[in-house]
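For reference, TrEMBL has these:
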BINDING   49, 50, 51, 52, 53, 54, 55, 56  ATP binding site
DOMAIN    43-263  domain 'CobQ/CobB/MinD/ParA nucleotide binding'
REGION    17-41  region 'Disordered'
């Protein structure tokens, strides 16, 4: 395996001028959250079941963290079906990948794609869509890659490494979770996604990842009230894990995906975008939210956005 070559000072991203988007205040907060834990923090975003919103969560959490001022590198660990570059609007700028780094065709800094909206957000893809990773690319290799990312710029190190895990629990899953210290388990409130999420939670714990939080995606308040959909409290009780965020069903998710712009950057903010920003805030501070029972939610006076006071506090 060829050694990773670090960037020369002339190519360092810290010499690039800051972009005005990185100073835009958060839609729901006026101060910067306090970073919990020792950076850099490596977080894998997984689910087991496909189509529940892992990549959407990764893109929006990455953009939220970058807008809050943290240095973030997002890794699309789905070698065969990558999509994170599309959601971030960077698909036309992916010229080199991690596979090229290990084959000696480029340096690590050349494979990192800097987001034009935030100079503190970078994307790294494992491979190109129609290419295959070498058989030697496994858990030790991606751990080595993440360790190299953490030391890439000693004077201005990355603070968050977010890994977008592929669906399933095969070799791609095992590879993606290897370098992670904590995990975000994305699920939807249906029995198929929950069974897969429960299985993945067990595998994560067996791999030594104890800090696992859940994000319940695509929740519809009307169906919960009509008892046609499980509530976030039901999901939390079934999985027995702390709740990081509850994301409502929102048509703006599809629109933002097609535009290649994370939902959290919408102006005015969409309900799902606000929920992702709140989840990012909790992630930074190591906090969780409290889901409430339906009867308790109905008794509480609504403050701010009614949807959020309905599902948790």
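Cβ atoms here come from the backbone N, Cα and C positions, even for glycine.
Keep in mind it's a predicted model, so treat the numbers as computed, not measured.
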Candidate with the highest Cβ count within 10 Å, taken from the binding-site residues 50, 51, 53: 53
Least crowded of the binding-site residues 49, 54, counting other Cβ atoms within 10 Å of each Cβ, is 49
Neighbourhood of the ATP site (49, 50, 51, 52, 53, 54, 55, 56): other residues with Cβ within 8 Å of the Cβ centroid, in order? 47, 57, 167, 186, 217
As a test of reading the model: what is the averaged pLDDT for the domain 'CobQ/CobB/MinD/ParA nucleotide binding' (43-263)? 93
Tell me, how many other CB atoms lie within 10 A of the CB of residue 55 (ATP binding site), whichever protein chain they belong to? 27
Tell me the Cβ neighbour count for residue 56 (ATP binding site), meaning other Cβ atoms within 10 Å of its Cβ, over all protein chains shown. 26
Do any residues at least six apart in sequence from residue 52 (ATP binding site), in the same chain, have a Cβ closer than 8 Å to its Cβ, and if so which, in order? 186, 187, 188, 193, 217, 218
